[in-house]
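Reading through the structure tokens given below for one structure.
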Amino acid sequence: MSGSAAAADDHAAPAHDTDAAGAGHEAIVRSIGPKLHRLRQQAGLSLQQLARRADVSSAAIHKLEKGDMIPTVTTLLKLSAALDRPIGYFVDGDGDPVPVAHLVRGADRPPLPSLPGTARTGLTGPSDRFALQGSVVEVEPGAALDVRARLAEDLLLVLAGTVEVTVGGERYALEQADSLHVPGGHPLHCHNPGPAAAVLTWVSTGDTGS
């Protein structure tokens, strides 16, 4: 992929800057991301594979699928050609409906913002469609993460390793296969005291702001 082409695609207009001309226009714009994601899944392509095929950066494709970016005409032409679809497929208001469920392949879990010593990848669909937001979290030995008090409930399931979770002045030692359900309204501190990385499934509902 050429650097200049990828850079140009990364600078497509953010979705929230679009002044859509009416509800019909907005619906068409919102449908582009799900259509792109569905076609990529049907073709069995990872983000990186489609990026190479279309000469569009994987970061731009990920933003388009999430609805965080509106593609330029050039980007849409590249993606249409790479997926063997006419460009009208993406902008036709009578196109395929948005799928009921949201599928995330293990190889395609999107990276999420992470604190030092941790790594997060997404499990769930876009927040504008789903109340639950979940991720797989890897915590390196000695590392920790803190979550401020908020409305969200948190459910933690330890897949590997050990963690210590402090909430409401109480400390919980969790091992593999243990889970902890934390109500909203309490700050949460999660620390890995073990010699190996800990891996958790972390699901939140409601206000998920950190």
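Any Cβ shown, glycine's included, is placed from N, Cα and C.
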From 1-21, 43-63, 85-105, 190-210, the residue range that TrEMBL assigns the feature region 'Disordered': 1-21
Three-state composition of the domain 'HTH cro/C1-type' (36-90), taking helix and strand from DSSP: 37 helix, 1 strand, 17 coil
